[in-house]
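Annotated features, as they stand in TrEMBL:
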- 359-455: domain 'PFU' (DOMAIN)
- 485-756: domain 'PUL' (DOMAIN)
- 14-54: repeat 'WD' (REPEAT)
- 84-106: repeat 'WD' (REPEAT)
- 145-175: repeat 'WD' (REPEAT)
- 184-224: repeat 'WD' (REPEAT)
- 224-255: repeat 'WD' (REPEAT)
């Protein structure tokens, strides 16, 4: 069955949970189990009257707070119809008999939330935020051990009978009994989800936004980057496909390390699993379980599809902001029936999915449309506000026991223990919750390496802060590890927007000019070549088909031919198409093949377009094309081998008066900084540092260009091996100058760098 050549579409929705669906367990051919913030576990079986749909067969009640991880017990003598193991925020794991729907065992022993459950023959193994693994046999604890120094977020059993754990300490560990056989290092933030990749190794999902495939020797075989937020879950299928679920509201389908489809949801995707037949099951924060299929006979009907897309549209509208306001809070067109109070008065009203600004024309007594109101690119990163005060974070805290969600404000510069104490007193909650609140703050703010300064004195008791596991007579102060707002940068930036109609129009204009010039007519495109060019653009426009659409080698060869033969002043629209081909999975591979088989046309192009005097349009399109190469791992060696030539060729761009060229150049340097840190290339890092310092030292620069240059400097200093070199270049002066910028993000990253300069 070919499931990797078609696009997943909605098959059915499983409704019944009253809050976020947090976990999914595929129970063989028996059905699907799901867990929820509503404290229940639900077991769903196929509807005998409609094989596309599932119905809730059992609701398992017993947990007193939200339920997360689940595991399936295949039918045996003790559980003739199978069983379920569940883990909860209430620190308990529970074993359920599906025949009766009754709880058979309550596994009590963990001190904090149970984050993972796995079956090891007839034993249950559970993991917890309390850093331990516990083994249970027939409802009794038989062993436990501290498996990590930070919260354990997941545990799975391998076909080879070892266990694998993932932790907030950013590592995975391979266990044989209580012996750690290997520690997997590579993620830069919490490891949240794990799955077996048959015959290859293990998959991990991380708060750093990536998914990794590891060999059991600890080697990273593949890294998948595409999510824009925390990745909570990952799973694999026998076909080789991988699915991931994320805070960014997408479930993504991956093939050979490339994202081939992004399935948008009306909320966070907490979990995603494959059924044996290749269908995908997702758990969403809107309380709905959804099944997605590539099989035409199992796709939802038009009414169900329309309902889903309508709900998705409403969700997106509820999140969309216009001029800092929620779109759904704007008045409708009826507001235009009310006359304005003064000439020039401006109002914003909702028109469909957009906000439109109108100005009152006193003379003509009517509202004149000004145009659409949009938020700037940084509006989505505005700091949250609570009670009129801005914070770095405002968390929703579910304390269970039927209590409402509480708001917990926090700044990264705050002491989390102090924050927890004040908040618990304010909310009139037991101080016994203190450590759980601190763990929650540290985990959700990404401060995994926080060290408490024990010289801190509690504002209410005057006592030093309690640090779990520390001796009560410890007196030496432990310095708090600095936290940074904008560094280090993770992942790469690409330029993925294109005005295809304008590009084709410009190529047509240039082609007509060549045809009218007798000496250059031979360079012009034939009718067949023009049709090929239009076909290429058509493929590039249909981004939803990138996973299945392909180019012909002649398409790529045509683009390279134009780069070689057309006059220098005419090639920028060709480079722009090439920039987008690089982002297409098939296009990128075909281009690389031609580069390997022939002369290096890309490097030749860069050398040609940077000869002085260089045209801004050529510089802009070529730098953006090189930036896009970072997205595809197959170009990593090319980028590494040509680093010196590329950076030298574009080095004059730091003084460009064209702000788009300068922004593109800053982006190229930032991508190289992240890449060369990963490669541990100190020489390359020094080269990039020198280039970004030139930008950062410039005056009257575009804000975004300066910001990206500063982020590159901070990232290289923090995670690279060039901090001493940066200090020698008086980076502290650059940081202090940035700190007084009127732009908030430039000032903040300046403060980050200044803090770095003061660290030993």
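Glycine too: its Cβ is placed from the backbone N, Cα and C atoms.
Nonlocal intrachain contacts for the repeat 'WD' (184-224), taken as residues 6+ away from its ends with a CB within less than 8 angstroms of a stretch CB, comprise 151, 153-156, 158-160, 164-168, 170-174, 230-236, 238, 242, 244-246, 254, 257-259, 271, 443, 446, 448, 488, 490-491, 633.
A Cβ distance under 8 Å defines the sequence-distant neighbours of the repeat 'WD' (84-106), meaning residues of its chain 6+ beyond its ends; these are 25, 27, 30, 33, 35, 39, 41, 43, 58-60, 62-73, 112-117, 119, 124, 126, 128, 136, 138-139, 398, 400. As a summary of secondary structure, the repeat 'WD' (145-175) carries 0 helix, 17 strand, 14 coil according to DSSP. Predicted-model confidence for the repeat 'WD' (84-106) is 94, expressed as mean pLDDT.
Helix, strand and coil counts under DSSP for the repeat 'WD' (14-54) come to 0 helix, 27 strand, 14 coil.
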